[in-house]
Amino acid sequence: MAERKVSGRDIFLSIVAVSIVVILSYMLVSFLVISVPPQETNRWLANWFLTTTYNWENKDWWSGSPEVVTSILWDYRGLDTVYETSVFFFAIIGGLMLVRSVKIDKGSLGIKGMSVISKTITKIILVAVPVVAASVALHGHLTPGGGFQGGSIFAVSSLLAIIALGTGFLYGRGWTKMRLLGFRTLGLLIISITVTALFVVGFFSGVTAYIVQNQWKPWAPIGMGYLADLGVFGNILYSGSLIFLNLAEFLAVSAGLSLAFIIMALPRKKLVEGGDIE
Amino acid sequence: MIDASTLIWSYIYAVTITIIVITVYGMATRPNIVKKLILLSILGDTANLIAVMIGVHAGMIKPPVFPGISFTDHPVVGYNKLLNFAGEAVDPVPQVLVVTAIVIGLAVLVFLGYVALLLYQKYGTLDVRLLEKKMRGEMSE
């Protein structure tokens with residue numbers, strides 16, 4: 001790369017890049033979005049979210065989850081997150097459509113795996129990573145994290161398995177294309193059922209209810225509840241629909257990303273046999 | 001005299017803005033598609049970092065997770081706890097936007113990865129200059 005000359009086009013592009021970024025950052029500073037150091041400004045929107053997420057005073061205006069980010073994601077603007085999940089769905093489906101006729105079978109070992117040391121260490125880590133992923137997804141309504149983050153962590157473990165243990169490792173444990181697609185579709189199905197459940201119930205019982213409704217409202221008297229009373233064992237805070245949505249998102253994201261990684265690791269021969277390239 | 005806080009925050013903003021300049025320039029000039037993808041992901045992450053930093057205000061640096069979950073508390077005590085929490089936590093709205101942006105960014109990255117993979121399988125190169133020549137040659141045939 002040493003012989004690469006600096007052309008006039010490069011200089012022009014660099015000037016354009018610098019000026020765009022300088023103009024954007026000047027606008028951020030002049031509208032007081034960025035202040036150095038951070039000021040104690042009036043932030044009524046943040047205050048509203050922070051106080052109504054776990055509202056002591058009026059339980060009609062809360063989401064029942066102490067974790068503000070997840071409650072905004074799935075409750076306050078849940079429809080937005082449903083659309084975001086569908087963007088992820090379509091990106092994976094679009095990628096799979098490009099390699100649609102590829103079959104994963106015993107002969108499709110794209111990567112043979114690494115040395116014995118790497119394999120042993122990877123097998124130890126492969127137990128720990130899904131546990132962390134499951135805990136992040138299950139505590140999504142209590143601590144920072146959630147379904148998507150847990151699913152991404154889980155997909156890291158399948159990526160590790162593909163690279164260190166070979167593509168055949170996951171196939172040998174029954175991770176076929178149709179099964180992973182099925183898990184992904186199951187996750188999306190649970191999301192759509194959870195999102196429309198209260199609306200359907202309210203429609204048939206003649207009560208006002210909304211799509212992506214979580215807790216009850218003064219004008220929508222049915223809700224998912226937030227507390228499971230176990231008597232002597234105490235209470236479990238499950239925050240209504242948030243835990244179901246987080247678990248379904250975890251399932252969908254982990255299966256979809258694992259499938260994407262497995263297909264990306266297939267050798268050229270399989271893609272040629274599939275007829276997607278010449 | 002500039003105090004330490006101003007200095008550190010200016011430094012962080014300067015570094016992030018420099019990274020954005022470098023990634024925009026690199027995406028325009030680097031011919032390799034994989035390098036373009038790497039720069040795109042760095043650009044997205046830097047933009048997310050700036051968004052999260054905007055959510056930090058003076059004295060409000062706790063995570064937006066309400067710690068006091070106790071149904072035996074007196075309502076007024078609980079409400080006062082909640083108000084204290086709202087005065088100390090960071091702004092959750094930029095974090096929510098960043099979570100959405102990460103998901104969309106990952107989806108775009110996975111899709112572009114597939115496209116780059118197929119381009120390499122078909123043409124044997126990821127250099128956009130060579131790809132352009134090969135695609136033109138194919139069309140003229």
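Positions of Cβ are set from backbone N, Cα and C atoms, glycine also.
Sequence-distant contacts of the transmembrane segment (A:12-34) (same chain, at least 6 residues past either end, Cβ-Cβ under 8 Å): 41. Taken from TrEMBL, the feature transmembrane segment covers A:12-34 (among others).
Residues 73-74, 181, 184, 188, 191, 195, 212, 249, 252-253, 256-257, 259-260, 263, 266, 271, 274, 276 of the same chain sit 6 or more residues outside the transmembrane segment (A:81-99) yet have a Cβ under 8 Å from a Cβ within it. Annotated transmembrane segment per TrEMBL: A:81-99 (among others), in sequence order.
The domain 'Na+/H+ antiporter MnhB subunit-related protein' feature in TrEMBL is assigned to A:117-258.
Long-range contacts of the transmembrane segment (A:120-140) within the same chain: residues 67, 70, 114, 146-147, 149-151, 153-154, 156-157, 160-161, 164-165, 242-243, 246-247, 249-250, 254, each at least 6 residues beyond the stretch ends and with a Cβ under 8 Å from a Cβ of the stretch. The annotation transmembrane segment is assigned in TrEMBL to A:120-140 (among others).
The list of residues near the transmembrane segment (A:152-171) in space but at least 6 beyond its ends in sequence, with Cβ under 8 angstroms from a Cβ of it, reads 104-106, 108-114, 118-119, 122-123, 125-126, 129-130, 132-134, 136, 250, 253-254, 257-258, 261-262, 265-266. The transmembrane segment feature in TrEMBL is assigned to A:152-171 (among others).
Among residues of the same chain six or more beyond the transmembrane segment (A:183-212), those with a C-beta under 8 A of the stretch's C-beta atoms are 74-75, 78-79, 82, 85, 89, 92, 219-224, 241, 244-245, 247-253, 255-256, 259. The transmembrane segment annotation in TrEMBL covers A:183-212 (among others).
The transmembrane segment annotation in TrEMBL covers A:218-238 (among others). With a cut-off of 8 Å between Cβ atoms, the residues of this chain six or more beyond the transmembrane segment (A:218-238) that come close are 60, 64-66, 141-142, 198, 201-202, 205, 207-210.
The annotation transmembrane segment is assigned in TrEMBL to A:245-266 (among others).
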